[in-house]
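S.K.: Quick one: structure below, then a few questions.
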């Protein structure tokens, strides 16, 4: 099968007409057979999509025809099967939800650090290195020496910073995330909170894995991604993890040997905390998935748990 191109993209840019952009953007995706979810807000665009080489190229040609998006960048990886079930364009208040009024990367942002320069920065003992992703993402891979805030959503990040760090004592802060969007917005928040030197990894972990040879890498483990691959290895090939549809946690090969693992319904992370209502919903969803597989069709029901991660 011809490789499917998976493109992760975002750009903070003022889009006053973002509501009007939704329909032509959605039509461009549909016309070119591109699947996935894109988020539009006044502060910019964010998402991960997949399709043929021609389809992805057509999408970016359309995006870059808008002068505001002419320099939009993206990261690419490849897989043999379509990793998304649907095509969506959603309107949001924020393209990545921090929930703090006034934080605007279009006005204030930290210093971008290229992948080739990242190792030198985070090896500096005076630099505080923070992983801005969710706890279940950090659990399967992170940079050597990084702090895990143990947050379940990006909304919890500001309170974590307030509770643990002081701008007067922590002079240099470096942050990273999967594709660059969280840490870029986090850098805007940190500067507003009084931190003086704030750095973030340009292009995120995915760009680092793409550009830095594994033998020189300070990355440890797999990287969680927002599609049906669940994780990628250092060479950006698909990892060994699955994802629990009930709790969204990545599920390792070892986890899948557990008596508490029931495909699509529960895993060792959530088996003792699910309500019967949640279990019943998961059972019905899994039933529909199996029926769709038997018919060789995409799964038609329920939202993909990976899609919601874009917003958290």
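Just so it is clear, glycine is given a Cβ too, placed from its N, Cα and C backbone atoms.
Quantities reported herein were computed from a predicted structural model and do not represent experimental measurements.
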S.K.: Looking at the candidate ranges 251-281, 282-312, report the one that Swiss-Prot labels region 'Disordered'.
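M.R.: From Swiss-Prot, the annotated region 'Disordered' range turns out to be 282-312.
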S.K.: Please work out the helix, strand and coil residue numbers for the compositional bias 'Basic and acidic residues' (282-293) from the DSSP assignment.
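M.R.: Looking at the compositional bias 'Basic and acidic residues' (282-293) with DSSP, the answer is 12 helix, 0 strand, 0 coil.
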S.K.: Taking the Cβ of residue 177 (active site, cysteine persulfide intermediate) as reference, which residues of that chain separated by at least 6 in sequence fall under 8 Å from it?
M.R.: 131, 132, 133, 183, 186, 201, 204, 205
S.K.: Along the domain 'Rhodanese' (123-217), what average pLDDT does this model show?
M.R.: 97
S.K.: Work out, from DSSP, the number of helix, strand and coil residues along the domain 'Rhodanese' (123-217).
M.R.: 38 helix, 19 strand, 38 coil
